[in-house]
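*Asks:* Here's a structure for you.
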């Protein structure tokens, strides 16, 4: 397995002439994530984030500033064509962008193509043909399992199979789009029959999203040693969940209306190339756990297949915002809690010949740490609603209320390298319609 290599674009000494880019918490010149944006009143186009600015890549392509293959892929209103490019072409684009943004002699050419991010609207980065959500956060799987099966929280297949289910691509939205509280069937444990109404147990799920780059033909598989070549990048993902609907409907086929009403993603694609310094060893499996079957096993993947990413969740109620209070941090923890790597997820998805396409989105499933301060959902933090969380206003929460704003953040870190962020993945809960 050949992971993207580190080069001059990752140099911690490299700086940018763009004001505010150096030291930016998310988007220094070492990051350069891609997104789809529109200046207010302008056309939708591709861009790259640099500090608090967005560089218009469609304009840069027209100006002849970019490599030919990348320029041809940047003319539309999605990143699908860019994601489909071979890794070497994506790497060539990244090097060109990094060179131009760090060379002050290019300022006069590029500056007219810069837009303040605050003056732009972000769109979905790709036309998402398919979305699959996995369940690879073993601490989350164990915690949720204990609520329903205290003596047997993990089913026998969990440690052999990257468990997943097909989600709803049509209801994925970028950060900032409000979430309407869903209505559906729920049944109280002591009730004889279900009722219909707005969810009373609305929850979030802290996940990473994996963007598919090059696809595979129907009937073909993706060998584990080649899986990294099919990953274009990463984002944050909030798989909003109606726990009361989920408890009633999930047997025998899994969640349906409990999860298909809205999913929120951070709008920037943090590229596989940008993540090169933040590859780490996959945590060793506990003694007694089975080794993955051969089609899921690769020594290089075990050595560098995990990600050094710190995750955080904050909550701000309407009352907190009215009083100018800072958001409450609900949890923070590492993405290394994944029992399966991103590459194993891709390989397993295609192992039966399922065709993946550029711009498809795979969710990791909820990423909870081993301890309570890193739990990735309210279902875990409140033990299924039994333990309430106190807010600075004196309010309490077991699950999300109307007006609550939930935000996910992520930062990739490694000694000797500049940290890079994923941008925000946030949304406010609106009343049911």
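Cβ from N, Cα, C; glycine included.
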*Asks:* Select one of 239, 289: the residue that TrEMBL places in the Mg(2+) site alongside 259, 263.
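*Replies:* Checking 239, 289 against TrEMBL: the Mg(2+) site match is 239.
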*Asks:* Can you match one of 130, 133, 310 to the Ca(2+) site that TrEMBL gives for 205, 207, 239?
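*Replies:* For Ca(2+), TrEMBL names 205, 207, 239; of 130, 133, 310, the listed one is 133.
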*Asks:* Checking feature assignment: region 'Disordered' per TrEMBL, candidates 1-22, 23-44. Which range matches?
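*Replies:* Going through 1-22, 23-44 one by one, TrEMBL gives region 'Disordered' for 1-22.
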*Asks:* Look up region 'Disordered' in TrEMBL and report which of 105-127, 151-173, 174-196 it refers to.
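*Replies:* Checked against TrEMBL: region 'Disordered' maps to 174-196.
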*Asks:* Starting from the substrate binding annotation in TrEMBL that includes 135, 149, 246, 250, which of 341, 347, 366 is the extra site residue?
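*Replies:* Given 135, 149, 246, 250 bind substrate in TrEMBL, the matching entry from 341, 347, 366 is 366.
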*Asks:* What is the separation, in Å, between the Cα atoms of residue 207 (Ca(2+) binding site) and residue 366 (substrate binding site)?
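*Replies:* Per the Cα atoms, residue 207 (Ca(2+) binding site) and residue 366 (substrate binding site) stand 5 Å apart.
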*Asks:* Including all protein chains displayed, how many Cβ atoms other than that of residue 259 (Mg(2+) binding site) lie within 10 Å of its Cβ?
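*Replies:* A count of 24.
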*Asks:* Which whole-number value in Å describes the distance between the Cα atoms of residue 259 (Mg(2+) binding site) and residue 239 (Ca(2+) binding site)?
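*Replies:* The Cα atom of residue 259 (Mg(2+) binding site) is 7 Å away from the Cα atom of residue 239 (Ca(2+) binding site).
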*Asks:* Sort out for me which one of 140, 149 has the most neighbouring CB atoms within 10 A, since those are the recorded positions we care about.
*Replies:* 140
*Asks:* Kindly report the helix/strand/coil residue split of the domain 'Fumarylacetoacetase N-terminal' (30-125) according to DSSP, in that order.
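*Replies:* Computed counts for the domain 'Fumarylacetoacetase N-terminal' (30-125) are 46 helix, 23 strand, 27 coil.
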*Asks:* What is the interatomic distance between the Cα atoms of residue 246 (substrate binding site) and residue 205 (Ca(2+) binding site), given in whole Å?
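*Replies:* For residue 246 (substrate binding site) versus residue 205 (Ca(2+) binding site), the Cα atoms are 14 Å apart.
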